[in-house]
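Please read the structure below before turning to the comments.
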Amino acid sequence: MATLILADLHLSADTPAFNDAFLRLLNAAAGQIDALYLLGDIFEVWLGDDDPAPFPRSIISALHRFATSTPVYVMHGNRDFLLGPRFARESGATLLADPTLVELHGHRYLLSHGDLLCTDDIAYQRFRRTIRQPWRQWLLRHLPLALRQRIGQRLRQQSRTAKNDKPLYIMDASTEEVGRWLLEHAGSTLIHGHTHRPGHHRHVLTNGTLAERWVLPDWRPGQTGGLWIDQNGVHPAPDPLYDLQTHTGNQTR
């Protein structure tokens with residue numbers, strides 16, 4: 001069996017096609033893969049575990065059913081960093097620190113959402129350090145939901161405006177920071193999302209060694225992919241539901 005890694009699904013009540021694709025994937029893959037890793041921004045927005053909106057309930061219930069047979073690991077993204085203990089309990093998922101070093105099928109992988117690598121975006125990194133402080137997160141979680149919704153809308157609008165004003169390279173992973181991480185975790189392969197620029201990169205580190213980095217695809221019309229990991233390494237998963245047949249031997253369509 002293989003391990004499946006996804007990120008940047010950005011699921012919401014406004015993405016019924018993606019929600020359905022994810023639910024079908026969970027149903028088909030349960031018990032058929034070693035583990036599922038979700039490396040952040042699974043949800044377009046997460047305002048707290050107490051949000052009673054009907055949309056996330058279907059995803060949480062499906063994750064819980066899936067987790068009874070297959071481990072699920074979830075990392076916070078910049079959109080859903082308020083995922084908390086109640087979400088973990090109700091979904092059956094294990095929340096991961098960012099970054100997290102794991103060993104899968106005999107190989108070491110350094111997993112991250114990816115926003116920490118974008119160090120050229122100084123304004124965003126300053127905001128991230130501020131908003132991720134534990135006392136600020138506690139305060140956010142205890143604000144009235146209606147106020148959190150207004151704050152969330154404002155932050156998303158500010159994010160869209162900021163992206164339009166920034167050069168593309170600023171919002172990409174810094175090669176220098178990538179190299180620093182890979183040196184610190186020698187012998188590992190880095191896997192991350194966030195940048196929405198899927199690809200496979202080889203880096204020559206300052207000590208002369210070679211290292212690999214895989215960038216996960218975001219989900220968008222015509223693109224609902226991820227990465228498979230097995231004993232032979234990392235493989236693109238352009239259509240994980242269809243790919244299950246290859247990696248498990250089971251027909252899914």
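Each residue's number is its place along the chain shown, starting with 1.
Glycine too: its Cβ is placed from the backbone N, Cα and C atoms.
Values in this document were obtained by computation on a predicted structure and should not be read as measured data.
The annotation Mn(2+) 1 binding site is assigned in Swiss-Prot to ASP8, HIS10, ASP41, HIS196 on the grounds of sequence analysis. Same-chain residues at least 6 positions away in sequence with a Cβ under 8 Å from that of ASP8 (Mn(2+) 1 binding site) are, in sequence order, GLY40, ASP41, GLY77, GLY193, HIS194, HIS196, LEU216, PRO217, ASP218, TRP219. The secondary structure of ASP8 (Mn(2+) 1 binding site), as reduced to three states from DSSP, is coil rather than helix or strand.
Of all Cβ atoms in the protein chains displayed, 26 besides its own lie within 10 Å of the Cβ of HIS194 (Mn(2+) 2 binding site). Swiss-Prot lists ASP41, ASN78, HIS113, HIS194 with the feature Mn(2+) 2 binding site, giving sequence analysis as the kind of evidence.
Its Cβ taken as reference, LYS163 (substrate binding site) is surrounded by 13 other Cβ atoms within 10 Å in the chains shown. Per Swiss-Prot, the feature substrate binding site maps to ASN78, ARG79, ASP121, SER159, LYS163, LYS166, HIS194.
Neighbour count (other Cβ atoms within 10 Å of the Cβ, all protein chains): 26 for HIS113 (Mn(2+) 2 binding site). Per-site Cβ counts within 10 Å over the binding-site residues ASP41, ASP121 peak at ASP41. In this structure, LYS166 is the one among the binding-site residues HIS10, LYS166 with the smallest number of other Cβ atoms inside 10 Å of its Cβ. Nearest neighbour of HIS113 (Mn(2+) 2 binding site) by Cα distance, taken over the binding-site residues HIS10, ARG79, LYS163, LYS166: ARG79. Look at the binding-site residues ARG79, HIS196 and count other Cβ atoms within 10 Å of each Cβ; HIS196 has the fewest.
Looking only at other Cβ atoms within 10 Å, the busiest spot among the binding-site residues ASN78, SER159 turns out to be ASN78.
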